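> I'd like to ask you about the structure that follows.
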Amino acid sequence: MNRIDLSFNKVKEENRKALIPFVTCGADFTVEETADLIVSLEKEGATIVEIGVPFRDPLADGPVIQNAYTKALQNGTKVKDVFRCVELIRGKSEVPIVLMVYFNVVYFTGVENFLRIAAKSGVDGLIVPDVPLEERGDLDKICEDNCIYLIPLVARTSKDRIAAITKGAKGFVYCVSTNGTTGERKTLDSGTHEYLEEVRKNVDIPMCIGFGISSKEVVKEVKDYCDGVIVGSAIVKRMAEGKEAVIDFVKDLSDGLK
């Protein structure tokens, strides 16, 4: 069974919600430091960890993550370094790892080659924000062949479109809380709860909400409408402050989910 499924089964048994921090690799932390951080985050309540693969033109991301990617690339971070980070994590932990990666990175590595290395490294899921539904078929098949879940991103759209995007999804559905890029927001857009309820009608796997989840207060606001929360920019911003700042923030978020 995929580690993502095992983790959601566990949080369900414990009657709690999943906490999914997003981290970057090679910007403020070295590969080794990133791996150590992720192992520590699991101990502090992280259910799954999402790792962003640096890219020069991350259109779905806001300035905090864009700047982290730029710094990582300037530091010489490559795709192979992200895979090495996952391998280091696997030496110490079975926490599920999901890569957030733009398709150009996958394409230039070679789709089959990328997925093969990802599986060998210990990756459990893939989020590819710039691949539309109509072009997902081949990638979905190669992911399946490598026992990696292709996690769908679902934005606020028509009921028919939501149904099409989530059809056959595995692992969890990534619900985008707001139209636009990633980034911290003090409150969520109006209609978020209704949107999540519409997604819920179409899926029988966990739903997690991301984009704009920035504080314990926002976590408390949405936790009753989803199965987990994904926190990105607020984590990456604290990575620039050091490991303890990230750990303390994740502890606080975890408390908000109880």
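Every residue gets a Cβ built from N, Cα and C, even glycine.
Pulled these from Swiss-Prot:
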| type | residues | note |
| --- | --- | --- |
| ACT_SITE | Glu50 | active site, proton acceptor |
| ACT_SITE | Asp61 | active site, proton acceptor |
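Mind mapping these onto the model and telling me what they sit next to?
In the three-state DSSP scheme, Glu50 (active site, proton acceptor) falls into the strand class.
All chains included, 26 other C-beta atoms sit within 10 angstroms of the C-beta of Asp61 (active site, proton acceptor).
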> What three-state secondary structure does DSSP assign to Asp61 (active site, proton acceptor)?
coil
> Cα distance, Asp61 (active site, proton acceptor) to Glu50 (active site, proton acceptor), nearest Å?
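Just about 14 Å between their Cα atoms.
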